[in-house]
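Student: Just lifted these from TrEMBL, have a look:
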- 35-53: transmembrane segment (TRANSMEM)
- 65-87: transmembrane segment (TRANSMEM)
- 108-133: transmembrane segment (TRANSMEM)
- 139-159: transmembrane segment (TRANSMEM)
- 180-199: transmembrane segment (TRANSMEM)
- 263-280: transmembrane segment (TRANSMEM)
Amino acid sequence: MDAKASRQSSRGEASVACVPDAFSFSEAQSPRARFVLMVSAIVVGIAGGAVLHSEMSTSNALTGLFIVLALAGGFLSTWSPCGYSSLSLLRPSGHYSLGSVVRWAPTFFTHAVGYAIGAVVLGGMLGMVSWLLFSSLPFSYMVAGMAVLALGYGAHQMGFMKMPYPQRRAQVPHDARFRFRSSVIGLLYGYALGMNYLTYVQTPILYIVTGVALFCGDVKTAIIIIGIFNIGRCLPVAVNFLPIKNVTVQAWLARWQERAVEVDGFLLLSVATASLVLLAL
């Protein structure tokens, strides 16, 4: 009996061992390649700042740069643990069909509403502090300070500087999907992610967005600032409207994990440099 059980156990272990591993892991580039990328970002920022200065007013150029940075930062936050989770958990149930997508649409809608509520709450709190303490802060001082901070975090993302990264290392509660209907889960996840500091977010662009909201001097503007970032966070979930398997989405995210960090750093460095050029000209 023991010998038979042992043979069965061995066969079971062999069958488990034969399951193929088909993971494509993202690898960071060499320090030399990252240094070249960092210098390229600064050069692009200098050239871009000069071009923008000749084409539009400084305030409009800075506003446009920030909107691009905030939207891109929200999208890049998809490469956080909670980004992987929300794409995986907030999906149409059953086989893909027009009916399953229609039934899932309210979940996406409530998810977006949750992000909007998070923007109002977080942006409102930052805006109130800003209105009380920083309403008289010169605009150029705020831009210069945030640009210098962005340069530091850009170098951090490229691996050439260590910057503080205070985050609450938590994710959305996975067990919620067993206790609530899909649309309620979408709302709860949207709010938790839309608050931005209740879960771990793997992009320091969040700090720049938070800083601009904190020093803008106006409640409405602060809410809009967080809202722009949250739009970038929410939109990737719309991929679940398409007939794409969850494993395909997760594999694509994993494959581009390190590239996302480098894009993050490139954006921070180029936008920060362009902003400083606009202030200097």
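Even glycines carry a Cβ here, placed using N, Cα and C.
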Student: What stretch, picked from 35-53, 65-87, 180-199, 263-280, has the most CB pairs under 8 A with the transmembrane segment (139-159)?
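Tutor: The listed stretch sharing the most Cβ pairs with the transmembrane segment (139-159) is 263-280.
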Student: Most CB pairs under 8 Å with the transmembrane segment (108-133): which of 35-53, 65-87, 180-199, 263-280?
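Tutor: Looking at each of 35-53, 65-87, 180-199, 263-280 in turn, the most contacts to the transmembrane segment (108-133) are made by 180-199.
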Student: Taking contact to mean three or more C-beta pairs under 8 angstroms, with sequence separation of 6 or more, is the transmembrane segment (35-53) in contact with the transmembrane segment (263-280)?
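Tutor: Yes, the stretches contact each other.
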Student: By Cβ distance under 8 Å, which residues at least 6 away from the ends of the transmembrane segment (65-87) in the same chain are close to it?
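Tutor: Here the qualifying positions are 52, 111, 171-172, 174, 189, 192-193, 199-203, 205-206, 208-209, 212, 225, 228-237, 239-240, 246, 249-250, 253, 256-257, 260-261, 263-264, 267-268, 271, 274-275.
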